[in-house]
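One structure is given here, and the rest of the page talks about it.
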């Protein structure tokens, strides 16, 4: 195998090829100076010599340096060139790097591949990082040869079609968390809404009504009140699109009707939404543990103790409040544990070790149980506060009452769908039954001959 180039990626590629049992010849413009950078088993020589000794050549140079290889056009004729380059910006050039390389060397066969791998992944093999190698080329034989090399190296080749797919393959490493954009914007939007709402209730209201400065609550207390709201609503948004999809299938009586694009996108982003829900819940747990560490909390405790001493109260124990907080914290810990399990099983390495039934049970059944327990956690926190007029500041209801709207809708819908009559109909639809569809059937006649007829599948 030949490697043209002596950069970080070329060195990592040469190391991996040598470890996989290939004989590697590296072509460099300064072989004597660069030889010490490569493994001793790899031969480092001039580019022309490297090209003559190999049939499959990895071109590990930047696009702007492709023209420096034009002097080797005659020697490269008939060779397989593997373009591993990437751009600095998405769609920076009108044509892909691989197509540009093919135009410079029309006598060669160009295969686009290995560009989605990092130098670290190549050095550590398939144990770390992405294991897939995306390949495209107009020549099936050349693509098959490169795919065999990728398999021997411990990676999984993925055929992406002809050379026209090269532009899309080159854009993949440049995208910054494409599947996370919508969930992150959604979580930030919810956070800002709930944060503003809590700011009005906890800081602005006491300042206007009682002239009390409560700005110290913003960094910890207001944020800690906002995080569980975001986590709770985001968790319910994981299961709400399934409810909407089920309602659509029941209404139209078929599973073959395409969902709207917004619902389809929503269904595809459920994993990211769930992980962000777990992230907010974990932050809420950490913030809650830090509440007693605040200086303001210590001052409040001293103030309460002095007030109790002045009023000569021997005990301020309230049985109801004690039980409420004990149950509230216990249920919250259980909910966080279930969310942790959901997050862990979302990791590809863990998910691949589970069969479909196990994965579905954890993500669907246990996930819904986590939503129910989170609802109990919220209700226990609220207790009887929803009926206390002092909790309605500026006539605004407590924040937790707003967060209950979407989760309770999901829970009620799930309970309705579990009714035998509806569950049976939904199951039939998901197995291919369609409302109003007529199917052929064959019945034996009195003479023993078979006659055909039609009946509605509604029967």
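Even glycines carry a Cβ here, placed using N, Cα and C.
Note: TrEMBL annotation is automatic and uncurated.
Note on TrEMBL: of 138-160, 207-229, 230-252, the range annotated with the feature transmembrane segment is 230-252. From the options 75-96, 97-118, 273-294, the stretch TrEMBL describes as transmembrane segment is 273-294. Looking at 359-380, 425-446, the range annotated in TrEMBL as transmembrane segment turns out to be 359-380. Spatially, the transmembrane segment (359-380) is not adjacent to the transmembrane segment (182-200); fewer than three Cβ-Cβ distances between them are under 8 Å for residues at least 6 apart in sequence.
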